[in-house]
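J.: Handing you a structure now.
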Amino acid sequence: MDWFQALVLALIQGLTEFLPISSSAHLILPSQILGWPDQGLAFDVAVHLGTLLAVMMYYRRDLIAMVGGAGLAVQQRRMNDDLKLGLLVALATIPAVVFGFLGDDFIERELRSALVIAITTLVFGALLWASDAFGKREFSLARLGVAGAIFIGLAQALALIPGTSRSGITITAALALGYRREDAARFSFLLSIPVILGAGLLKTKDLIEQQVVVDWGMMALGVIVSAVTAYLTIVFFIRLLERVGMLPFVVYRLILGVALLFWLA
């Protein structure tokens, strides 16, 4: 992989990680369509770290509040809203961990193809449109309970399939339950933190075990470009969300899915 390809892939990761259009699909497609080499474990770790830093910076107040809520709960010996939100994020993370552990090899072997991406892009794009168009959009996260968190967590597990979009499917699930767009996105992005962190740690473990030679300059490029791009993308997405909803992303998914099917025909 050369520097130009690294720059493009870092930009793609930063732009697509938090938009409901599937980052994994957009990272797979350059190798499928353009014949680019695989980005490699080291660069994968770098762009995961970059996007993790971006979402943690944007939601730093929520993260600080959750930690403070845990301390306050111990002191007062009762639950509070901040600790509750943190526990619900942890609970909703479990299905993705379980299904990832059980099905990762099958997914890597059988589902990383342009055809699968085309189908999931269209199907889950349609579900995103339906939940946004017909969801009540009246509840705040204060209403979220165990059942809702598990439902969103199970939806997140589907994002292991390339083309689904982790943010897209979790926002779809939250909208279907009647949550407001901004609250659906907030829970989705908070939910991304343990998932990205876990994926990054696993890849780091593989990196160490395989004794991969690391190009530190290219790693730095991946971290910086993906972090800055991801942060700006989150800012843009949250501001756009209440004004126009999910329609632009649904249209994009429709165009991408149909274009892929024509390319495969």
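Every residue, even glycine, has its Cβ placed from backbone N, Cα and C.
Take a look at what Swiss-Prot says about it:
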type	residues	note
TRANSMEM	1-21	transmembrane segment
TRANSMEM	39-59	transmembrane segment
TRANSMEM	83-103	transmembrane segment
TRANSMEM	114-134	transmembrane segment
TRANSMEM	144-164	transmembrane segment
TRANSMEM	188-208	transmembrane segment
TRANSMEM	218-238	transmembrane segment
TRANSMEM	244-264	transmembrane segment
J.: Let me spell it out: take the transmembrane segment (83-103), skip the flanking residues so only those 6+ beyond its ends count, and list any with a Cβ under 8 Å from a Cβ in it.
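T.: Beyond its ends, the transmembrane segment (83-103) has Cβ neighbours at 62, 66-67, 69-70, 72-73, 141, 144-146, 149-150, 152-154, 156-157, 159-160, 187, 190-191, 193-195, 198.
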J.: Any chance the transmembrane segment (218-238) and the transmembrane segment (39-59) have 3 or more Cβ pairs under 8 A, given the pairs are 6 or more apart in sequence?
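T.: Yes, the transmembrane segment (218-238) contacts the transmembrane segment (39-59).
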J.: Rank 39-59, 114-134, 188-208, 244-264 by Cβ pairs under 8 Å to the transmembrane segment (1-21) and hand me the top one.
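T.: Out of the listed stretches, 39-59 contacts the transmembrane segment (1-21) most.
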J.: Which residues of the same chain, at least 6 past either end of the transmembrane segment (188-208), have a Cβ under 8 Å from a Cβ in it?
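T.: Residues 17-18, 41-42, 44-45, 48-49, 51-52, 55-56, 58-59, 62-63, 85, 89-90, 92-93, 96-97, 152-153, 156, 166-167, 170-171, 174, 214, 234 contact the transmembrane segment (188-208) from elsewhere in the chain.
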J.: Who are the chain neighbours of the transmembrane segment (114-134) in space, where the CB to CB distance is under 8 Å and they lie at least 6 residues beyond its ends?
T.: 20-22, 25, 28-29, 32-33, 158, 161-165, 168-169, 171-173, 175-176, 181, 245-247, 249-250, 253-254, 256-258, 260-261, 263-264
